[in-house]
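Engineer: My questions will all concern the structure given below.
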């Protein structure tokens with residue numbers, strides 16, 4: 001057992017080292033920019049995973065939280081010259097409150113209510129961003145004002161700094177998710193996912209636990225969104241707050257593997273690279289976007305645990321025992 | 001001001017009719033299978049494109065396309081049911097939400113891949129004609145859509161309450177296991193219910209072709225408004241879908257007419273939150289609340 005674990009962590013450390021030195025061997029920005037996209041999508045999917053995977057509550061408005069982080073970054077840095085790092089609390093605060101509003105209305109109910117409410121909310125946020133065009137520049141979107149390479153403004157000459165930033169953000173989301181799943185609330189959440197009624201009869205405050213998980217997921221998403229926006233250098237309601245982005249985040253997480261720590265990371269790289277490859281053949285619109293829908297259908301029907309399940313066939317017994325442990329502990 | 005209010009109210013009720021028709025389709029599927037079909041808004045887009053294909057081939061008015069659209073949507077529904085829905089029967093509703101949303105995204109982008117993004121129109125004299133009552137105007141296509149909705153809802157009501165098939169469907173909705181024991185072919189009932197739901201989405205698409213452009217993203221307004229209508233009416237209740245559709249139409253009409261043209265989705269989003277706070281099971285829901 002011990003030996004096996006250490007082998008696993010050695011593989012992980014090896015992959016991280018490869019990832020860290022990878023940019024030294026690549027010339028040109030294109031490959032790096034695709035990898036940065038993979039990293040950020042993996043990070044967003046990891047956030048989605050907290051409520052969508054571990055909680056079993058399918059959210060389709062994570063793009064709204066990403067947009068909140070992105071817009072608070074750009075508005076504060078363009079209009080007031082404040083560094084993106086200081087705009088993080090603003091984005092986190094707004095996401096926290098928005099998640100509270102959605103959660104309060106829907107987490108008392110069982111069924112598709114949460115999903116419908118999140119779709120509606122995502123649409124409302126996009127429309128509001130377009131409506132308040134004095135602050136957000138409306139549908140035209142915002143460009144970041146480039147004043148030379150500057151770490152505190154998060155503007156760089158090429159995408160390599162964003163590559164490292166992406167790795168840091170991804171590891172941060174993985175760490176937060178890990179800590180969350182090992183916390184009391186995390187165990188409660190997995191118990192609720194297993195059987196809501198049983199969990200409630202054991203004295204778990206179902207409503208509160210779901211709400212906390214959703215708020216954590218939302219706040220973390222806005223942090224990712226803040227850095228992702230700096231990488232994009234241009235944000236618009238259709239690119240950051242649309243249903244399409246929410247959909248992609250969800251698909252990345254589900255294809256990778258819901259309710260697993262590294263599933264969304266695997267999903268981020270596989271899905272985004274696959275889309276990049278197909279868009280070469282089919283064009284960026286329509287054709288390659290079909291793949292998202294197709295992947296989702298195929299994975300849910302044939303491999304609901306996600307791609308990551310292919311890597312850990314032999315310790316299925318382990319995870320079964322772990323789940324039992326979790327239930328007992330809850 | 002009064003004029004704006006009454007005019008917004010009228011157009012709200014009329015566009016609510018289409019939401020209601022669309023919502024009844026979702027309701028039939030939910031009523032029998034206890035699952036929400038999130039792909040209906042893309043099925044509506046395909047209904048619009050089938051209408052456009054019919055027009056492009058024959059040059060006839062869109063209302064002549066009804067039999068063609070019904071057949072095409074029925075075939076589409078059959079294929080979807082066999083390939084995607086059937087393997088999932090009996091699994092939890094989360095995976096059904098995910099699969100139908102994936103299907104929705106797939107169908108929408110398939111339309112974009114096949115037909116391109118440029119909007120298509122079906123020209124006809126009905127498009128611009130309207131009925132004048134005093135100082136208020138009623139667009140003829142919206143009025144026809146509203147009447148068609150009333151007729152179809154009554155037809156469904158009669159189907160469910162007066163025919164053997166309808167009784168079988170209601171029995172399956174009540175308890176599939178018992179229905180099966182009584183000799184009802186539940187698989188067949190599921191198939192028929194799903195096909196009726198998809199055909200309703202297609203007909204809604206046909207009826208709005210004189211009002212909106214035919215584009216792959218035309219269904220996105222239904223993704224929010226119509227589903228909210230179904231929820232606030234009470235999931236699984238046909239009366240609820242009807243009333244919810246019209247209420248949502250009116251709210252959207254009033255918000256877009258009197259506050260701003262862009263804020264419709266915000267208005268209906270707030271309406272959803274408000275209803276969920278006050279009456280979580282919706283207007284006519286039987287209280288499936290489990291907290």
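Each Cβ is built from the backbone N, Cα and C atoms, and glycine gets one as well.
Note: TrEMBL annotation is automatic and uncurated.
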Engineer: Of the ranges A:162-180, A:181-199, which one does TrEMBL flag as transmembrane segment?
Structural biologist: A:162-180
Engineer: Could you tell me which of the ranges A:114-140, A:249-275 is annotated in TrEMBL as transmembrane segment?
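Structural biologist: My reading of TrEMBL: the transmembrane segment range is A:249-275.
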Engineer: Which residue range, A:39-57, A:58-76, is the one TrEMBL calls transmembrane segment?
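Structural biologist: Range annotated as transmembrane segment by TrEMBL: A:58-76.
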Engineer: Are the transmembrane segment (A:249-275) and the transmembrane segment (A:82-102) near each other by the rule of at least 3 C-beta pairs under 8 angstroms (pairs 6 or more apart)?
Structural biologist: no
Engineer: Please report, as numbers and ranges, the same-chain residues at least 6 past the borders of the transmembrane segment (A:58-76) whose CB is under 8 Å from any CB of it.
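Structural biologist: 44, 47-48, 51-52, 82, 84, 86-88, 90-92, 94-95, 98-99, 102, 114-115, 118-119, 121-122, 125-126, 129, 135-136, 142, 144, 214, 217-219, 221-226, 228-230, 232, 235, 237, 240-247, 249-250.
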Engineer: What residues elsewhere in the chain lie close to the transmembrane segment (A:216-237), defined as a C-beta under 8 angstroms and at least 6 residues from its ends?
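Structural biologist: Here the qualifying positions are 36, 40, 43-44, 46-48, 50-52, 59, 62, 65-74, 84, 87-88, 91-92, 94-96, 98-99, 126, 129-130, 136, 138-144, 146, 154-155, 159, 162, 165-166, 169, 172-173, 176, 180.
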